[in-house]
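**Q** First the structure, which I've put down as structure tokens, then a few questions once you've had a look.
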């Protein structure tokens with residue numbers, strides 16, 4: 001009798017805890033399901049259809065969209081551009097963010113002012129930022145070409161030269177993301193116990209050596225997170241390219257990203273099915289890259 | 001910090017960002033749907049007594065915020081005449097506008113009255129989203145289709161049914177720098193100008209860092225005009241590409257020769273076009289009538305520039321287009337909505353539109369008032385060009401093949417391929433695209 005009663009109360013208690021647990025994570029779970037998982041499943045579903053107007057009369061076409069995808073040279077340009085963009089933006093932005101984070105982790109005057117300044121690009125609207133950059137890159141009247149002309153150099157076609165345009169765009173991407181990565185890394189740096197530095201001071205290690213022997217290994221968990229999220233973010237590059245590069249631009253083929261192609265197919269040409277197939281390809285690419293990053297983390301990430 | 005925690009964090013981050021693009025699209029839709037969702041209830045409340053003269057609120061959507069104030073004034077005039085009808089104007093930028101309409105059409109909550117464009121009319125009309133206006137027009141004393149340019153009526157006619165009444169039109173003109181013409185002792189362009197005059201003037205005017213003509217890679221404000229002046233075509237009546245027509249190729253070659261010969265800057269970035277002319281980098285430019293107010297606001301242009309009709313070759317031609325007023329097929333107030341469209345399309349409404357300087361009114365004979373509304377430039381030419389205007393080429397999937405043609409023609413502009421090769425390639429790609437049209 002008694003034991004049963006205990007059991008019942010403990011069962012009740014467990015259920016209560018379980019309910020409260022779900023209750024607390026519900027806002028996140030609901031958001032995730034409604035805003036991410038359901039649309040994701042719908043995109044996957046839609047990629048097997050030729051979409052009709054206004055969400056009606058979708059025709060099932062099996063793998064046709066994917067067949068078209070494989071044969072579409074522009075999709076493969078976009079894959080190459082997207083990967084190249086990520087390959088430029090991720091290492092450069094993280095290296096810069098690391099450098100700034102280490103510098104701002106010291107006791108220097110106006111430290112919080114610097115931190116704020118570096119973080120500002122993150123809170124500025126990407127479209128507005130791009131407008132300003134577009135002006136600076138302007139071939140005839142832009143700031144950069146004006147400076148070049150002061151040194152007697154010829155103007156550069158920053159955003160219409162096929163070889164240069166992606167780099168010009170990557171510069172904006174780096175500029176926008178450095179502050180955010182810096183803040184994350186700074187948080188990681190501050191978790192490193194001071195004792196290690198004090199001990200190595202006594203042992204006579206210099207600043208550079210301290211960075212490679214103490215700072216870098218101990219910040220790897222944060223660094224790993226920054227790398228993974230930066231790659232995902234870079235793979236989804238869209239707004240800057242969309243604002244800068246029209247289809248008439250000679251650099252279009254060398255800058256168009258997968259999300260830009262997805263946007264054009266889905267919202268300009270109203271071919272939602274094909275657009276969904278493109279975004280599925282992007283999803284697959286991101287999953288593959290992230291999978292390998294997860295595998296590789298054992299080799300270089302040191303959890304304390 | 002455990003391994004597991006990071007894994008969870010990362011995988012959440014991954015899923016959260018995976019379909020960010022979709023999310024964006026969805027957000028636009030959600031936003032629009034949210035707006036739309038809240039509106040009908042209001043309209044319903046208003047309509048409870050509509051039969052007995054109660055108040056009705058109509059939603060009127062447009063995409064040009066520059067015209068909002070003027071549109072409001074016209075709506076006020078309508079409200080004064082029809083005290084039981086209120087007009088609620090909704091403005092969204094060009095691309096947001098179509099996202100909003102798309103969401104509205106999908107969810108069954110379109111605005112009651114809205115602007116329609118040649119690029120989109122087919123999708124909306126063929127899917128039964130628009131109210132067939134044939135009966136109303138037949139009964140109306142104010143709206144008679146013969147009062148509007150036939151080309152514009154045709155755009156909004158699908159399967160013999162009229163789905164919108166033309167509101168305005170725009171044509172393309174030749175803008176020129178009077179000061180530079182005077183300096184070079186050249187006579188200003190006029191209706192007798194030929195392609196040869198344009199070319200030789202461009203040659204004379206190209207000097208001191210100024211280019212003679214801005215001949216950018218642009219269809220409507222660029223080579224389309226020349227194609228039709230040369231007797232070529234972009235799309236044939238049986239919906240085949242005209243890019244392989246020898247006349248079209250000849251016109252393209254003439255147009256591209258300005259860039260090839262250094263008489264025009266190589267301009268491929270759309271946003272740079274108006275900047276070049278506003279900053280005096282080009283002596284002549286090809287721009288549509290909708291630029292009038294922004295050009296007039298530019299001090300340099302207001303002082304030095306004027307506008308003329310386009311030059312001719314075999315014939316005179318200028319691309320024109322115009323938007324129309326359409327009504328939601330499922331509107332709860334078809335009669336009131338038609339009353340409003342009737343007013344907007346009537347001589348009175350169109351004259352108001354002209355006097356307010358909004359856009360060249362489509363109603364024949366009212367354009368004069370639009371010309372008088374602004375005196376900075378000789379805007380009469382835009383009205384003159386309608387008599388030989390060619391409607392902007394369109395089909396059911398205009399946006400798709402226009403972009404494909406751009407991509408195919410690009411090498412010719414950049415000098416990487418001959419114009420003939422590029423044009424034939426454009427024709428091939430455009431025909432493939434057209435063959436997939438329903």
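If you go along the chain as it appears here, the first residue is 1 and each next one adds 1.
In case you wondered, yes, glycine gets a Cβ from its N, Cα and C as well.
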**Q** According to TrEMBL, which listed range is transmembrane segment: A:54-79, A:210-235?
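**A** Here TrEMBL associates transmembrane segment with the stretch A:210-235.
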**Q** Under a Cβ pair cut-off of under 8 Å, which of the recorded stretches A:20-41, A:83-104, A:116-136, A:210-235, A:273-292 contacts the transmembrane segment (A:164-189) most often?
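**A** Between the candidates A:20-41, A:83-104, A:116-136, A:210-235, A:273-292, the best contact partner of the transmembrane segment (A:164-189) is A:83-104.
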**Q** By a Cβ-Cβ criterion of under 8 Å, what residues six or more beyond either terminus of the transmembrane segment (A:20-41) are in contact with it?
**A** 283
